[in-house]
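Contents: one structure, followed by commentary.
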Amino acid sequence: MLSEKTIRIVKEITPLVAANAETITRRFYERMFEANPEVKAFFNQAHQHSGGQQKALAGAICAYFTHIDNPAVLMPAVELIAQKHVSLGIKPEHYPIVGSNLLAAIGDVMGDAATPEIVEAVSEAYGFLADIFIGREGAIYEEQASMPGGWNGTRTFVVTKKVRESEIVTSFYLKPEDEGPLPPFKPGQYITVHMDHPHTPTSPRNYSLSDCASQPHYRISVKREERLVPDAPDGLISNHLHDGIEEGHRIELGPPCGEFTVDPATIAKPIVLIAGGIGVTPLLSMAKSIVHANPNAELHFIQAARNSKVHAFADELRRLAQAGPNVHTKVIYDSPLPGDVEEGKCDEAGFVTENQIRESTPFTDADFYFCGPKPFMKNVHSCLRELGVDEHRVRYEFFGPKEELVAV
């Protein structure tokens, strides 16, 4: 356990650290990538260029320091991060690298304010948190390896089918090269693609599993990512998957990870899934798995897209609507093309609104799951809050660094 002295010091310096948190995290990544270039491949460089990773880490540090006297409230965040760490192959030996560079970055930014007493307290606090992560991640690794067909590290898969879902989304159907069994996954989980690219070392990328959990294959559905900011590169791995990977090619995959999941066998109330853009992928897996396990389940699926050209899984959503007597779907285009509305390709034009959720879902009783781009997520979260939906009935997933939805 942490000493009372360490807790007191960390609480005292929290305002100062919070005021400089993003400066500290930017310096941290600069130092670490220079001193330990071997860890650079763990990090999505698009998120580095956009500043999203630095902002997310700054938020995590501030949250830990704020709640250092009651770390139990951080356990949901610990689970999310531990799952992500396992997906990337983070091991106990990586934690000292992070710790030493973080302490050095704090010293660089805070200068003389980072007294030996403060550095010692932050070091103890970091070590305490690192031990929590190492323990949880070890349990996840063990669980993955012990499943029928399970594995740690990477396993070679073959692309058995490649399907264009829209102008910007392509699906890849994957089976093990060794023809061995596939371990079960929880609807909503993701797998990690480990891929070499001419402009970067082997780069792990997480992609949600987008098909029913009962299928004899894994399916990922990849959006062709464009640069997030002017000087950043386009998504290297997503573009390589679209342009360079064909049926018959081999891909190295990590096992399923992730805590944004649903258990179809235990559903006891209506489920509402609200998807924006490529955020449809984990929710489609949830929907198909729920209906497969219980055809009479009450399910409401709202899918938002720009227009019919970029609307992925339109046919699958129509089939889903016919899969059970209590399945209800709605498609909303915010920038419909001429004919999209008239030809029935979408049900409504505009954005997801509080009124739409009120009128088309049992919002007073349902559990809500939503996923999509940050502005979409902020809007949906705000709508649910205005409708009085209890937070314990709301689950959501960001693609990329997880950030606060409530405050800009």
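A Cβ is built for glycine as well, from the same backbone N, Cα and C atoms used for every other residue.
Per Swiss-Prot, the features are as follows:
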DOMAIN    1-138  domain 'Globin'
SITE      TYR29  site 'Involved in heme-bound ligand stabilization and O-O bond activation'
SITE      LYS84  site 'Influences the redox potential of the prosthetic heme and FAD groups'
BINDING   HIS85  heme b binding site
ACT_SITE  TYR95  active site, charge relay system
ACT_SITE  GLU137  active site, charge relay system
REGION    149-408  region 'Reductase'
DOMAIN    152-263  domain 'FAD-binding FR-type'
BINDING   TYR190, ARG205, ASN206, TYR207, SER208, PHE398, PHE399, GLY400, PRO401  FAD binding site
BINDING   GLY277, ILE278, GLY279, VAL280, THR281, PRO282  NADP(+) binding site
SITE      GLU397  site 'Influences the redox potential of the prosthetic heme and FAD groups'
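Structural mapping of features recorded in Swiss-Prot.
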| residue | record | DSSP class |
| --- | --- | --- |
| TYR29 | site 'Involved in heme-bound ligand stabilization and O-O bond activation' | helix |
| HIS85 | heme b binding site | helix |
| TYR95 | active site, charge relay system | helix |
| GLU137 | active site, charge relay system | helix |
| GLY277 | NADP(+) binding site | helix |
| PRO282 | NADP(+) binding site | helix |
| GLU397 | site 'Influences the redox potential of the prosthetic heme and FAD groups' | strand |
Looking only at GLY277, GLY279, PRO282, the binding-site residues on record, which one has the least crowded Cβ, with the fewest other Cβ atoms within 10 Å?
GLY277
May I ask which of the recorded positions GLU137, ILE278, VAL280, THR281 is closest to SER208 (FAD binding site) if we compare their C-alpha atoms?
THR281
Of the recorded positions TYR29, LYS84, HIS85, TYR190, ASN206, which one has its Cα closest to the Cα of PRO282 (NADP(+) binding site)?
TYR190
Ten-angstrom check, please: count other Cβ atoms within 10 Å of the Cβ of GLU397 (site 'Influences the redox potential of the prosthetic heme and FAD groups'), all chains counted.
22
Within 10 Å of each Cβ, count the other Cβ atoms and name the one among the binding-site residues ASN206, SER208, THR281 with the highest count.
THR281
Near GLU397 (site 'Influences the redox potential of the prosthetic heme and FAD groups'), which recorded positions out of TYR29, TYR95, GLY277, ILE278, GLY279, VAL280 have their CA within 10 Å?
GLY279
Sort the residues of the domain 'FAD-binding FR-type' (152-263) into helix, strand and coil with DSSP and give the three counts.
9 helix, 50 strand, 53 coil
Separation of alpha carbons, THR281 (NADP(+) binding site) and TYR190 (FAD binding site) (Å):
10
For the binding-site residues listed here (ILE278, VAL280), which one has the lowest count of neighbouring CB atoms within 10 Å of its own CB?
ILE278
Same chain only, sequence gap of 6 or more: which residues have a CB within under 8 Å of the CB of GLU137 (active site, charge relay system)?
ALA82, HIS85, VAL86, ILE90
Between the recorded positions TYR29, TYR95, TYR190, whose Cβ has more other Cβ atoms within 10 Å than any of the rest?
TYR190
As a test of the contact definition, list every same-chain residue at least 6 positions from LYS84 (site 'Influences the redox potential of the prosthetic heme and FAD groups') whose Cβ is closer than 8 Å to its Cβ.
ASN206, CYS257
For HIS85 (heme b binding site), what is the tally of other C-beta atoms lying within 10 angstroms of its C-beta?
20
